[in-house]
């Protein structure tokens, strides 16, 4: 990073000198009222989302990441450590670099005693995402960036302690997630991090699934494909926004988690699973396409959406869905819930097009993940978004490090009232 940053600073200076006054696009009144969809106004280095092609991580598609990024011995899915290296540097790491990162995170994985006690004192009726946010916020107590800022560090050095905090944050998330899981759903006994294992293997062990090699592989794929999805989604944008106030990475990412906890963002995957299970209970297993279609129509006619379908940007099947489908075809082709997911994939798009309900009638990442987790015995739906949160940290903090390195300013867009807009166009 120390070698890359000066070059990228000069690159940004050159881009701004050549194109700084040029517009990125127009903003309409409908865009302002419509959640700012389509407005081009953020810088996000790690990934770019194409409406037709899907996500690219530093220029690489998901299949290209699966082909090029290092895997665990005997594994086939990319290691999240490799994806983080790629997001941060734009370079594909070597096996040795990935192994070193695994060991570094294992060395940083322990959480302060008071944070353990904080989690342990939460009632098991408190949603796991709320507990997750509380714990991440509390890590701010030991923030290297907050201390350095208080001590008057030069702003050109902000990125160094931001990097240090970010490494600590990612390293500690499996322990936090595992402790929450064990407290809410188990006996509260949390196994130790194994410094010889990779990040996903330790995460699986903390959840009680470390002996299942296929589940460990699923975690590698899951964390990788959920890590980043451009900068405009709620969790990514929230982390960037809060970070722009020079809040430390723990506070910024805790804010991301609070956005991710919303039903229109990270909670969608558990809503998909509940909808699937309700459908199966009503129409039975091995139902005909006609029965599936009838149930989908009843969902729409009841004023509800089909969860897991449609996307604010994508206009084709989400490649993250495709990656999960290919994993299922390889590891669990006969699973009844997977078969239902595939059947819905065949039926739903035509119904949504006929109903005129979606610009994108194709499945997104949430349409599949719950079925995979359920297959391996992770039935605790309230916990699914915590796994999403562990993953999303990779994208949020890698961009935050670059925000500090490039001296990105406080985010402060202009807002209008409805009356101001009316006056703006009066007589025009």
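Each Cβ is built from the backbone N, Cα and C atoms, and glycine gets one as well.
In TrEMBL, annotation is done automatically, which means it is predicted and not curated.
Features of the protein shown, as given by TrEMBL:
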- 265: active site (ACT_SITE)
- 311: active site (ACT_SITE)
- 366: active site (ACT_SITE)
Residue 311 (active site) to residue 265 (active site) - Cα separation in whole Å: 11
C-beta crowding around residue 311 (active site), within 10 angstroms: 22
Residue 366 (active site) to residue 265 (active site) - Cα separation in whole Å: 9
Position of peak Cβ density within 10 Å, selected from the active-site residues 265, 366: 366
